[in-house]
Amino acid sequence: MIYEVRIASKEKTDPKGQNLLAEIERTLGVKTIKNIRTAKIYRLEGISKSDAKIFTQKVLFEPIDQKMTFNQPIFKGTDHLVEVAYKPGVMNPEAGSLLKSAKDIGIDLLAADSSWEYAFFGKFAKDQLQAIIKRLLVNETVEHVVEKSPKTLLISGHAGKIQTIPIRGLDDRQLMELSQDKLFLNLEEMKVIQNYFAKIDRDPTDCEVEVLAQTWSEHCVHKTFKAKLIIDGKAKKPLIERIKETAKFSQKFIVSAFVDNSGVIDFYNGWAVSGKVETHNSPSAIEPYGGAMTGSGGVFRDILGTGQGAKPIISTDIFCFAPPSLPAKDLPPGCLPPDYLLRKVVAGVRDYGNRVGIPTNNGSIHFHNDFRAKPTVAVGSYGLIPKKQANKRRPKKGDLILTIGGATGRDGIHGATFSSGEMTDRTIEVSGSAVQIGNAIEEKRIIDCVLALRQQNLFRTLTDCGAGGYSSAIGEMGQKIGARVYLEKVPLKYSGLSPWEIFLSESQERMVLAIAPKNLKKVLKICKLYNVQSAILGKFDGSKRIKVTYDDQLVCDLSMQFLHHGLPQRRMVGKTIVKMIPDKPPKQPKDLSAVWLKVMSHGNVCSKEPIVRQYDHNVQGTNALHPLGGVNFDAPNDGAVVRPILNKPYGLVVTHGLNPILNRIDPYWGSIWATCEAVSNFVAIGGDLKNAALIDNFIWPFPDEESLADLDKSVDACCDMAKLLDMPFISGKDSLSSTYRYPDGRVLKIPPVLLISVFGKIPDVKKTTSSDFKKVGSTIVLIGKPDLKNLGGSVYFDVAGGQSSSVPKINLKSQKAVLTSITAGIRSGQILACHDISEGGLAAAMAEMCFGSDCGAEIDLSSIALAKEDHPDFILFSETAGTFLIEVANPIVAKKLFAKVPHVIIGQTIKERSIRVNLGPKNLCNLRLDQLKQAWQKPMKEIFHD
Amino acid sequence: MIKPKVCILRTDGTNCDEELFYAFEKFGSSPQYVHINELRAKSKKLKAFQILALPGGFAYGDDVASGKILAVELVSFLKDQLQEYIIKKGLIFGVCNGFQVLVRTGLLPFGKLGKMDVTLAQNESGHFECRWVNLKIETSRCVFLDDHKRQVSQLAVNHGEGKFFADTKTIKKIEDENLVVFRYVDEDGKQTQLYPQNPNGSTNAIAGICDPTGRILGLMPHPEKFVDITQHPNWRRKKFDPPHGAFIFEEMIRYAQNS
């Protein structure tokens, strides 16, 4: 018997219902719904009726503002009633809390679940209801509409048998059939596997094939980045080698680079900081809420899995979507609409990061039509760890394999292999099980627990269970020594999993630790204190093999040598194809003000405040530069500065940069731009390049010849910038599946994204600056040399209908000196405000500096225009990364600070709340700040109903 | 002088514990992290402390309702310890999630363990809000706060369920008994129902309350996140000396020391 309890708000206000109503009106244009009410439904199984009523009174129901029904409908007179629940088998994080609370009050409860009921009041058509359900209410990957109350909440089943795959007898075609949609290996790789088993004279088990496919997946092993390359007929070093070489530049402060779950650099007083940025594009494309959650969860565990466990202290999020206004007809089959993706990804980051208690204090969002088939979702995290525990140790022979955290279910099967493939209209169908809903509190528990274990030095080493689950985690940890695993010991969410599924499952919130047997008792005690489930799965046994059994049946027995070194190095050929874009600059605008307002409303420039406010960017109390500041707390800063050790002044500075549009037009200069933008943001807030490291993320289309040649140029640009600035890359990741194939075979390449993140230390957070102008009568200076000719890929060209294949060229000769001069000015306290110039150009940067202040600005463009053809629109909207607007007290300070670098005094801050732009004696435009701000804030306010 | 001992209570999903610990330490008390399982197992006891502090966060994921599962746990397992602690005149301080827990145990506003009289419901905006707000300090029954003569402080709020709500009679009783300690105010220092100055739609702009003994205080905003100058978004624009969250800790610790 299942009892159903419905709880709804007594008051007329129902924020959840109102938000849905607003969203229906905005996206579907349905205006006939008068009201939407929502109720929570709890289902309780294996409980007596009287206990169910007691449980309801004590735990579920709060009569102050709620009404309740027991086994009865709660809303009367509704026109439609829809209940949305997680599908059976998808873990609902709330269920565990319900069971705990029942136990706490001494009530027997076998199983519990919760869901939401939506009551619609008002007449509307059936197909409109279907549209509401499909587009706004239900993600069919993990949720369903409950038509009939379930008879039981328990999931059971019999474990599947271990299958043998007769690989030795397959021909080429059959090998590829086996690989397709599941293993994502190519024929050469399939043949290597075939030969191995031919040599050892047996066929593999299903698990062995899966373990090999996972270990050899692009996602896990980065075949392209390790491949021998021939680009335009010339042999070139593997991409990863070139990037790793940059780590030689500044070895002094590098603690570890490219060897651990994140890169680590020195901090102060015996501490180190680590950084990692991951992408989670494929899961987010088909289930954005769960995808964003598990993306965040994964990167936090990467930090936690660094050395002997770093504490996550910052979370960052960078997204690329199609514009929310994308017409439905332009959406490729099998893809989700961009505004839905945006809202759900934001909600996922919010609900996960906020609960785990890690401040999300840096990020950005970019829009371009060609992200319509697949978004880019990058999540980063930074951590703090004692330096002496920051280097990874290896397990010793005899160490126990301990798993801690969540139980294992069927979720996330094939995540690693699926993320390595291109997206098609069938992806949602075939790979639906690859995504899941995260449980943030489980993650928080394991973070608390691991940090407590680390403090007492109770484990040898650890790693997180990410892509590939136990297979990947144990396989990697035991790479040199070998591991023996007993799968029947794995705690399961429900019965019915086949052994290979248990080994490969990517259920979230699990870590694997290597423990010396003598510490086991203490470890288990701490796990118990933190309510963390744990189990010993086996040991690192010195066999140099990975041997896995399930109740004495052999599941997997492979040599570590073959598993980790059997994959042949790829040889790949790239060929440059120059993108032909006709040069068509927009006509000189008659009304600069109108264009300026349009630029401010562009997705890549507009305010993201409604998103930032939903993220807890202030938890841990460490912010010394918040994402938003200024008089009304609404002006954006260029990055994050935190003080991770609260009683010390030491700062960790974190920023990033990217520009997919420029990358696509010109992979080399677009990548120079992205790197320059990242370091400019870093310097603009007070970061010190001498004590900073870089992280790369290449989110690229599938590497066909053209995309590979582009990727090669992008890597070259990264290395050139690293060399120019003497900065090392210490961590990175590539995801080469930004390709969508239409049902008819046409291919859509998603714009390539090079995302560069920078993090570094400064001795005192007080020596930093924000972007808001501080005073009336200050001098405004443009630092650096803007490119006034090349505006290809700019926001201005986008809104004014221009195009060009010439993207901004950064003046590399003066760049380092420019950056150094800014650092000196901030350190000496003479730069009162600083903002780097990026999308939207000088115009957008200046507007944002005014938004946070209580003044306006007056500038004269004639000081910048050196040649006749330097038009005012180009000066205002040129997007040259590496140039800055700064505020200083007076021209003398400017001249002193910037004597050795290109700079121009362009004007001063004024009392009037407007921006006046002159060209010599002529006034070009005069814009009120409230107009500019309204244009800038409107787009995201509309989507998030603020 | 002996430093008052502060129990920083932690459980699954607690997350503002470190900054709370830091604030208590900075202003001269001796904080200690205590997991609720340690209190349940009696390996640590509440009576060893002078201040019980419940930090912000998402205890047990705020499943069912914010702070609910922890409140049920406290009432079920620690009723005796809590009652003993309260009789011995220990101070209790709940911030954000801690305030939600105190309200759901019934300790606030009327000190009735197990009977809930007010609620902190979902924000009217329908989602989590992270922003800075202006707060007026009322003259109240809170025993350890000085009379701040309606001083206005700027503090951060970070929550999704902070809308203070009760029936009219209860609200009147709370106000008549001077249990309101903090209210959201606008730029002119007037209490407000306007978003976002009142970030969640709280009735009569109530942001924090105490119980009739004045020894239990709970509030939604986070004083522990503004005890150093550089924690404010605009420390580069304006002088904030002392930081606006400091006085709560200074006065609470001083009171605990003297009693």
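Using N, Cα and C of the backbone, Cβ positions are placed for all residues, glycine too.
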Residue in A:Arg301, A:Arg913, A:Arg916 which TrEMBL records at the substrate site where A:Gln436, A:Glu506, A:Ser507, A:Gln508, A:Ser735 also bind: A:Arg301
A:Lys276, A:Gly732 bind ATP per TrEMBL; candidate in A:Asp696, A:Asp704, A:Asp764 listed for that same site: A:Asp696
Contact ranking winner - A:180-223, A:396-550, A:638-736, A:775-917 against the domain 'PurM-like N-terminal' (A:260-385), Cβ under 8 Å: A:396-550
A:Asp696 (ATP binding site) versus recorded positions A:His219, A:Gln436, A:Glu506, A:Gln508 - nearest by Cα: A:His219
Cβ neighbour count (within 10 Å, all chains shown) around A:Ser507 (substrate binding site): 27
Listed in sequence order, residues with CB under 8 A of A:Gln508 (substrate binding site) and six or more positions away: A:Thr294, A:Gly297, A:Gly298, A:Gly406, A:Asp411, A:Gly412, A:Gln436, A:Gly438, A:Asn439, A:Glu442, A:Glu443
A:Gly732 (ATP binding site) and A:Ser507 (substrate binding site), Cα-Cα, nearest whole angstrom: 24
Other parts of the chain folded back onto the domain 'Phosphoribosylformylglycinamidine synthase linker' (A:180-223), taken as Cβ under 8 Å at six or more residues beyond its ends: 162-168, 170, 172, 240, 414, 416-421, 426, 430, 467-468, 471-472, 475, 498-500, 503-504, 546, 548, 554-558, 562-564, 566-568, 570, 734-737
A:Gly732 (ATP binding site) versus recorded positions A:His219, A:Arg301, A:Glu506 - nearest by Cα: A:His219
ATP site, defined by A:Lys276, A:Asp696, A:Gly732: further same-chain residues with Cβ within 8 Å of the Cβ centre: A:Gly263, A:Val277, A:Ile695, A:Asn697, A:Phe729, A:Ile730, A:Ser731, A:Lys733, A:Ser757
10 Å Cα neighbourhood of A:His219 (active site): matching binding-site residues from A:Lys276, A:Arg301, A:Glu506, A:Ser735: A:Ser735
Sparsest-packed among the binding-site residues, when each Cβ's other Cβ atoms within 10 Å are tallied, from A:Gln436, A:Ser735: A:Ser735
A:Asp696 (ATP binding site) in three-state DSSP notation: strand
Predicted model, mean pLDDT over the domain 'PurM-like C-terminal' (A:396-550): 89
